[in-house]
Amino acid sequence: SAGMIIMLIPTVMAFHLTTRNGEPHMIVSRQEKGKSLLFKTEDGVNMCTLMAMDLGELCEDTITYKCPLLRQNEPEDIDCWCNSTSTWVTYGTCTTTGEHRREKRSVALVPHVGMGLETRTETWMSSEGAWKHAQRIEIWILRHPGFTIMAAILAYTIGTTHFQRALIFILLTAVAPSMTMRCIGISNRDFVEGVSGGSWVDIVLEHGSCVTTMAKNKPTLDFELIKTEAKQPATLRKYCIEAKLTNTTTESRCPTQGEPSLNEEQDKRFVCKHSMVDRGWGNGCGLFGKGGIVTCAMFTCKKNMEGKVVQPENLEYTIVVTPHSGEEHAVGNDTGKHGKEIKVTPQSSITEAELTGYGTVTMECSPRTGLDFNEMVLLQMENKAWLVHRQWFLDLPLPWLPGADTQGSNWIQKETLVTFKNPHAKKQDVVVLGSQEGAMHTALTGATEIQMSSGNLLFTGHLKCRLRMDKLQLKGMSYSMCTGKFKVVKEIAETQHGTIVIRVQYEGDGSPCKIPFEIMDLEKRHVLGRLITVNPIVTEKDSPVNIEAEPPFGDSYIIIGVEPGQLKLNWFKKGSSIGQMFETTMRGAKRMAILGDTAWDFGSLGGVFTSIGKALHQVFGAIYGAAFSGVSWTMKILIGVIITWIGMNSRSTSLSVSLVLVGIVTLYLGVMVQADSGC
């Protein structure tokens, strides 16, 4: 009992003396290292010797254990003993700067690479993003020699050494490619052409790409999916990646005295371990043998990461629709008077966008990311997030809490971040591993990184949309043709999509008016190519207008205006018609594969046939256009009839079926696509 101890302050005592379970308990400071600790009891003066090597400053990181009674025997495997009565001792292990001890190693985390999550975005720690930007820099330098020379002059003037000049020049050119327009500046661009007479068209939108739609007597529209946000995802599990240990306590028993126990074992905040250790005369036991020992330490998490589950109904898609008006800077503005921002959610999948001067476009979207959220978890660590495999996440060997836990202290699997050292007779060292943030970054190699904005997670994936264009109309169809002169403000520039962009300015009278624009062969007999900016118009005199068009491969003339004063610009387009044909066909087939069952209308017999027709147009339209360019539509129909007739009369079954199919496709495309070619 407490009355057994006469706590008279001795002359040399600079430590604090209290009791623990009725036994004396010393709380020792760093200054007592190597000194004899004296205090009086009923049995006389008790002298304790403390030789602990880890004795440091008093802090919350403490060690508590019992110094055994030794009168005549030599101490063995102990660093504290007393000569009158066994005594508890507590001391801190912090350094003078207050730092805690920790184990400088990481948990063996399985790398995420190869876990089977295939997405089209760049993966964590891949060089793809840097390589893409290097390509953009190269293209920008080649297309903007004037700016490049200016950047070189600035770098030469500002820098004092060759290294500084080179670095400044690289930085200036690296910033420049980010200042581009919307669809023209995006390398992954898809052109979707509507079937003549159709009121709707299917498109596939994905991040990092742009879709340009064209249809007869309808404005050309640019669509870009700029953002997919996951709103308020639910937390599945929290993992601790950095922890600290405090209040370490050890209790031990001599052989045959049973298992030791501590009150801390009942507290879920503590991590504990039972072991066996050699005991004998040298450490306070009358018998030699194995004695039990238990050590507990309070586990506190300093930094954690969370795994969140995203439900498809929590996704919100943001699309920007921009009509090709020809106005300066019209293409590429997210907001303002040119572009219209549309929000799509599973709850409101049908939305309308009012395009000033062009009517209304209705979008019926199927919000699908193309990702199976049952197999995925969003791993969020500070300001970064990754898309990881669910099973990989659940198997991480780290302390964790259920997502519903609000207390944040009852961590499960705490021992994964704790190392119990080999036990001594009366004491056992426990250390916590260092921060696992770096190990997690390494293990996440190959996982898809997810961007964050205002606490919401930005996703990847694609969006399938059906555009209804029956309420759209072309602006300026009733205008007369411009009869005055045009001036080239900016020379013809080739885009990375095989199209050209030219900026012209009208100097004549009679605006607003329609701009006469044609692309012709060298003999000026046939109209070739197609206009991407449908029905370009001048709204006011001396106002620059951007026109985008797709010239044919090889030499051609671009003719703007009427005689006299007609602009005639020669243009040569590099490349192969056959190569372009196959590339476009592959794009169409890929688009149909992504659309899947949403491309088909099984609501009516007419809907089925319309869907089949649109599928044929999307996949085979490019081959057909390349094979029969310049051929009249009546001749195309005749060729289709002849191929079908030959197939029906062929004796070979496989050849007959093949020719009949080719003939039917040719007939259909000949009837339906006659209004899509030319300008």
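Just so it is clear, glycine is given a Cβ too, placed from its N, Cα and C backbone atoms.
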**Asked** C254 forms a disulfide with which residue in Swiss-Prot, given the options C272, C285, C296?
**Response** C285
**Message:** Which one is it, among the recorded positions N83, C183, N247, C272, C285, that lies nearest to C365 (disulfide bond) by Cα separation?
**Reply:** C183
**Request:** Can you check how the pLDDT averages out over the topological domain 'Extracellular' (674-679)?
**Result:** 38
**Message:** Using a Cβ cut-off under 8 Å and a sequence separation of 6 or more, which residues in the same chain sit near C240 (disulfide bond)?
**Reply:** C301, K303, N304, L398, P399, W400, L401, W411, L417
**Message:** For each of C210, C301, C365, C465, count the other CB atoms within 10 A of its CB; which of these disulfide-bonded residues has the top count?
**Reply:** C465
**C210 (disulfide bond) versus C482 (disulfide bond) - Cα distance in angstrom** = 32
**Request:** Round to a whole number and give the Cα-to-Cα distance in Å for the pair N247 (N-linked glycosylation site) and C285 (disulfide bond).
**Result:** 26
**Fill in**
Around the Cβ of C285 (disulfide bond), other Cβ atoms within 10 Å, all chains included, total 20
**Item:** Cβ neighbour count within 10 Å of N247 (N-linked glycosylation site)
**Value:** 18
**Item:** Most Cβ neighbours inside 10 Å, all chains, among the disulfide-bonded residues C272, C296
**Value:** C296
